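Now, the feature entries from Swiss-Prot:
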- Cys342, His393, His518: Zn(2+) binding site (BINDING)
- 8-70: domain 'TGS' (DOMAIN)
- 251-541: region 'Catalytic' (REGION)
Amino acid sequence: MYSLGNQVKAMVITLRDGTKREFEKGITVYEIAKSISDKLAREAVGGKFNGKIVELNTKIEEDGELEILTFEDEEGKKIYWHTSSHILAQAVKRLFKDVKLAIGPAIDNGFYYDFDTERPFTTEDFEAIEEEMNKIIKEDYKLERFVLSKEEAIKFMKEKDEPYKVELIEEIPEGEEISFYKQGEFVDLCAGPHLPSTGMVKAIKLLSVAGAYWKGDEKNKMLQRIYGISFPKKSMLDEYLHMMEEAKKRDHRKLGKELDLFSIHPEGPGFPFFHPKGMIIRNILEDFWRKEHIKRGYQEIRTPIILNEELWKRSGHWDHYKENMYFTEIDGQTYAIKPMNCPGAMLVYKSTLRSYRDLPLRLCELGLVHRHELSGVLHGLMRVRSFTQDDAHLFMTPEQVEDEILGVINLVDYFYKIFGFEYHVELSTRPENSMGTDEEWELATNALISALKRANLPYKVNEGEGAFYGPKIDFHLKDSIGRTWQCGTIQLDFQMPERFELEYIGPDGEKHRPIMLHRVIYGSIERFIGILTEHFAGAFPTWLAPVQVRVLPISEKHHEYARKVYERLQEHDIRVELDDRNEKIGYKIREAQLQKIPYMLIVGDREVEEGNVSLRSRKDGDLGPISLDNFIEKILKEIATKAL
């Protein structure tokens, strides 16, 4: 415990584990970390005091809750990577004097900095920049924060000839604090927080360079964006770089082309074209989704893609989402292509008088939505402009909320286990600007927490990060190389039932407002296929594989028997191809392996004579002779059990 001798212990700090400790006012976050353990002090990168991210040198002056942040925390990574972006900018300014600075934030996987330069950067420049960055780290500059008035800040950045910084400062509302951070000779406009010094960054690497429009607007100048990553240990960097190499091999855009699953064309950027094999995977996912939902009392609906502007004004999308929507004129009126399925489901609910006996009402929809994304952020199937959301909207009474949430949690868990995904859960609570009463928020948040506890699911709390219309649970999948993907969401929504004046007749004969729960499992069918492609590296489990078996006759004289084998498999709805080309068997096997087909059935003289097949597995190689009946029994069982 932090020793105060005989001094007065003036405040109580509640730590991450719930323990309360007394400290004198003015103690820093770092000193509190050191009082807990030397190890924690060494690993600490910042703090979270009463929900606000603070620096290690921040003085605590009042009672409150404090989490010491390390690199293991998402907020800790953001602090670490934010400082790393400043190290990058300082190195670039040292080497390329005429470069102008734009912005340099921490992102989900590292950091970037945008530069305006006449000579585009190339990866050949990285060696010199990294060398300079390592010098800056070795020089161990303190990061010193200072504040200027708006007028002073503009003058300061004009003197430094940094037009992008001047533009940013001019956009800051009057009266807001304008802060800067200095490290050595380098100064940047920045709100922080940061590490205490550059020397705390132990391993840093530049990853790539790309073009990026200033403020993401295609009408603005194209800047040069350098991406990087950093870690507190070199071993962590090495592990990450290995993962990145593995990710390149698994890139769904590369595999999508090689396996003939989908394509994207300049005639429709962000609008994927699914090929026959890609459609097989898609249809399997959708059929499985439908079957499991019907089993659990859901009813499928289909709502129009284009709806009148009045609907979007009522739903709130017109005010909050208009710039991401596409519009068209019909009969002199404005219509929008739907960016979300929710308003359509509201109209279905509202189409008839509902009783409490009808609730819970579970409406599900595989709804095609369109959202305008800037061309620079489009990425294969992961970030598109047109996609299918596996939405469901559940309408219920207050008494039913917890059970309905638990039902959705169990369904999400069932789905992810089928695909072999581990996952973690995050609960996002009420933000400062929210709609709905205190009672509604308390009911909703407690119901989410209680359902998570009943499901025995550990969860992380993101205080104040819920939507303004309700708290939510997010499910983050972990793929086979350790990356996480946010897919499933359970979102309680107070806004839609209110805006659409949804009602049901209660047992008291009076009208009541239902509670609505919005949820997705896949998130987007397209993105989920992209994730699965990378998770399995294109080697889909047999039940999902577009082609499950390829029959390979050794020579032309085996074609007749091979066709009989092919037809027998077809009779059992096994997805099979016959490769009867005049090619050597070794070539045919290699090609089937490159296509990642689960099973090859090779037929030659011996197989024709004995009436069986020679089995070769994608996973286990040559498995020798097997009767066709036994193989059919084996593969049908594998498909039925959805074996991985």
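Using N, Cα and C of the backbone, Cβ positions are placed for all residues, glycine too.
Sequence features, as recorded in Swiss-Prot, placed on the structure.
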residue : record              : Cβ within 10 Å
Cys342  : Zn(2+) binding site : 24
His393  : Zn(2+) binding site : 23
His518  : Zn(2+) binding site : 22
Counts of helix, strand and coil residues, the domain 'TGS' (8-70), according to DSSP: 14 helix, 28 strand, 21 coil
CB-centroid shell, 8 A cutoff, Zn(2+) site Cys342, His393, His518, site residues removed: Met340, Asn341, Ala345, Met346, Asp391, Ala392, Gln491, Asp493, Met496, Met516, Leu517, Arg519
Confidence summary for the domain 'TGS' (8-70), mean pLDDT rounded: 92
